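These features come from TrEMBL:
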{"type": "ACT_SITE", "residues": "ASP7", "note": "active site"}
{"type": "BINDING", "residues": "ASP7, ASP140", "note": "Mg(2+) 1 binding site"}
{"type": "ACT_SITE", "residues": "GLU67", "note": "active site"}
{"type": "BINDING", "residues": "GLU67", "note": "Mg(2+) 2 binding site"}
{"type": "ACT_SITE", "residues": "ASP140", "note": "active site"}
Amino acid sequence: MRILGIDPGLATIGYALVDKETNHFDVLEYGVIKTSADTENIKRLEIIHRNIEELVKEFKPKEMAVEELFFNKNVKTAIAVGQARGVILLAGSQAGLKVAEYTPLQIKQAVVGYGRADKMQVQQMVKSLLNLSELPRPDDAADALAVSICHGHVYSSHSGWEERL
């Protein structure tokens, strides 16, 4: 199963394309989409949407996994990231992808086994699980890889239940 994992943002969006096989993951590509603060927000959202569409067209994922919004202080930032998430979710839905959302706690639990793990623990485990030679960078791309792993684990644990019910 091919998964497009997304760490949403307005300035920097992490993405990861991962194939999940029975007991392992294969990384196809990961990186970031950047938008400039000098660009008006509506244009930034268009850039994000277009880039997600291009990733879907090129890599043909079947599913998209997106980190849920978690902010506890800056409301303005939360609104901007929420708008970016909306555009990302829309692009996935328009492409016919199954779209799943995960909280940071769920992602950490799935990747590290501990929902309060710090960023370095998550990155070390991502490196290990994906057999990478070094820690994935930048952080947003590493987070997108973690989202993909989370979805792969959740999908695997639920796979086949529909047929059994």
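Placement of Cβ uses the backbone N, Cα and C atoms for every residue, glycine included.
A straight line from the CA of ASP7 (active site) to the CA of ASP140 (Mg(2+) 1 binding site) spans 6 Å.
In this structure the C-alpha atoms belonging to GLU67 (active site) and ASP140 (Mg(2+) 1 binding site) are separated by 11 Å. DSSP assigns ASP140 (Mg(2+) 1 binding site) to a helix in the three-state reduction. Secondary structure at GLU67 (active site), taken from DSSP and collapsed to helix, strand or coil, is strand.
Cβ neighbours within 10 Å of ASP7 (active site), excluding its own Cβ and spanning all shown chains: 24.
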